[in-house]
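> Take a look at the following structure, please.
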Amino acid sequence: MGLVSRGAAAAGLGAASAVVRPGPPDAVPNPVPSPPPGGAARGSSRVPGMVLKAFFPTCCASADSGLLVGRWVPEQSSAVVLAVVHFPFIPIQVKELLAQVQQASQVGVAVLGTWCHRQQEPEESLGHFLEGLGTIFSHEPWLQLCRERGSKSWSCKAIRQQVPVAPGVPSEDQVMLIFYDQRKVLLSQLHPPTVLPDHQAGDAVASSGGLAVVFDTVARSELLFHGDQYDEGPVRLSHWQSEGVEASVLGELVKRASGPVCLLLACLLSLVSAVSACWLWKLWPLPFIRSKLSTCEQLRHRLEHLTLVFSTQRAQSPTQLMRKANMLVSVLLDVALGLMLLSWLHSSNRIGQLADALVPVADHVAEELQHLLQWLMGAPAGLKMNRALDQVLGRFFLYHIHLWISYIHLMSPFIERILWHVGLSACLGLTVALSILSDIIALLTFHIYCFYVYGARLYCLKIYGLSSLWRLFRGKKWNVLRQRVDSCSYNLDQLFIGTLLFTILVFLLPTTALYYLVFTLLRLLVVTVQGLIHLLVDLINSLPLYSLGLRLCRPYRLAAGVKFRVLEHEAGRPLRLLMQINPLPYSHVVHTYRLPSCGCHPKHSWGSLCRKLFFGELIYPWRQRGDRQD
């Protein structure tokens, strides 16, 4: 292959097989670029004199002279420069490289123009030589970017060679040069337009709608960044990895080991899923017990997370990849906190201390409940109660407390062993240990739950009885078929019996309501403690820790948009801007990447909760959202 000088390049000779090098200064004194041999490139129908936006990577600002490689976006009159091709090069090999990148990334990558760095090139006619390369790589418009020698000024031109120039119309388009950090744009993920935080004065905030093309072009052209200027290949490039490809021995080892590890864990998890789906677990009452225990729900939720994380299928989008990373970090943090809890419990024999303190605490709670019932059986707060009903209810509840104390003392020899196995479950994660704690609280306060159910049922029966008898006094009745109140005529016997029943229920209501109020408050106290535990579990399950870590350490990875800062704005000089990434606010990070929780606790509104409490309807905080409420 022969060497082609600047004159040969300007004349269009050896465009396919010649090695292009900058020749001696006196080869061609003033070459004039001739029109390219092919037809006009895409975008040649642009209106002359329009403003063209050229996105130029800051990492190429100090690169040697060469060709500008990138993508032309005719819809936005924008040119996204991706790399600079250095001398010497063979044009056909450059075209083959661009064809490979275009086939792999489905991005129309082409030679957009020339780049001249006069601080490193002493030849005066280098710019004219670079202009002659337009005969080999035809593109419309043809960009000419040049950095002046001895100053920080830049010159930018966009020459139209195929469009006929009318009289009085400029032959060059105005160019707006926009610098961007290629590494940050490549690694960032542009989110839909959101309300950005307040920006500094003088910074222009841009919409992320039109800039999505820039981010997408850089992200999909990753194959172009595999080679750099130090490679021994035929094409040497300058881009964000020009100082060498970023790599890590540890990272490569993790990548190579992740495949077999994920395959092994996926097989184990599929085996566990098959065992959990066995028909033996569907025999009554196992499904009923599983639906009521928070531990079973949390284990099922973690099994779904682990199955998705260690799946052998690749993530189809950056959102799915971020979701997998958030799940993995959540599981790792959960297990780490569980191991810390396990080490704390097994140090200094704290499990034995908890077992020794549990029985006295249960006896103290039972004793306080007995004092409360004795207070209710007397004259609580000076209220006059129905003595017969008061004594019946009081003795009934006292008998339940006696049964509960007997049950606790019967289980006392096994409490330490039970707590020891519960502590071992912390190795599965802190959320599993907290779920077990919630179930233990539910079992230890089962007698309070029974008191609440008895009082609520009795109170609800009297409330609905009084409402039905009140309709009888007004000559109304409830139509079950039409689900409405209709008029009805009653005889004298019905009105007499209704009056007697109404009077009895009215005088018995204060006694029943007082017991219901006391045990409802105790029940709400237990539900509040369980609710706080489940809030902590849901926080660990759903908080996107990996996304928050990225937002804290590398804010450019989560982009909400960009802003432009003016670098140079002088008459006769192109406008130069610096594109900076606006990070996504923390609230939007949590809202966008929040993981779904197990959702085993329906959220009652305050109005619905007060209505249920007033009419004596039972509150089941552990029921599923789709379950029928009583």
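The backbone N, Cα and C atoms fix where each Cβ goes, and this holds for glycine too.
All TrEMBL annotations are machine predictions without curation.
Per TrEMBL, the feature compositional bias 'Pro residues' maps to 22-38. Annotation source TrEMBL lists region 'Disordered' at 22-45. The transmembrane segment feature in TrEMBL is assigned to 263-284, 325-345, 392-410, 422-445, 451-473, 494-518, 524-548.
Quick one: how deep are these features, and who are their neighbours?
Distant neighbours of the transmembrane segment (263-284): 290, 300, 303, 306-307, 310-312; these residues of the same chain sit at least 6 beyond its ends, with a Cβ under 8 Å from one of its Cβ atoms.
Long-range contacts of the transmembrane segment (325-345) within the same chain, counting only residues at least 6 positions beyond its ends with a Cβ under 8 Å from a Cβ of the stretch, are 302, 305-306, 308-309, 351, 423-424, 426-433, 540-541, 543-547, 549, 593, 595.
Sequence-distant contacts of the transmembrane segment (392-410), counting only residues of its own chain at least 6 positions beyond either end whose CB sits under 8 Å from a CB of the stretch, comprise 359, 362-363, 366, 369-370, 373-374, 376-377, 446-447, 450-451, 454, 511-512, 515.
The list of residues near the transmembrane segment (524-548) in space but at least 6 beyond its ends in sequence, with Cβ under 8 angstroms from a Cβ of it, reads 294, 298, 301, 322, 325-326, 328-330, 333-334, 337, 430-431, 434-435, 437-438, 441-442, 445, 448-449, 558, 586, 589-590, 592-598, 601, 619, 621.
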> Can you tell me which parts of the same chain pack against the transmembrane segment (422-445), counting only residues 6+ beyond its ends and a CB-CB cutoff under 8 A?
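Residues 293-295, 297-299, 302, 331, 334-335, 337-339, 341-342, 345-346, 351, 362, 526, 529-530, 533-534, 536-537, 540-541, 622 contact the transmembrane segment (422-445) from elsewhere in the chain.
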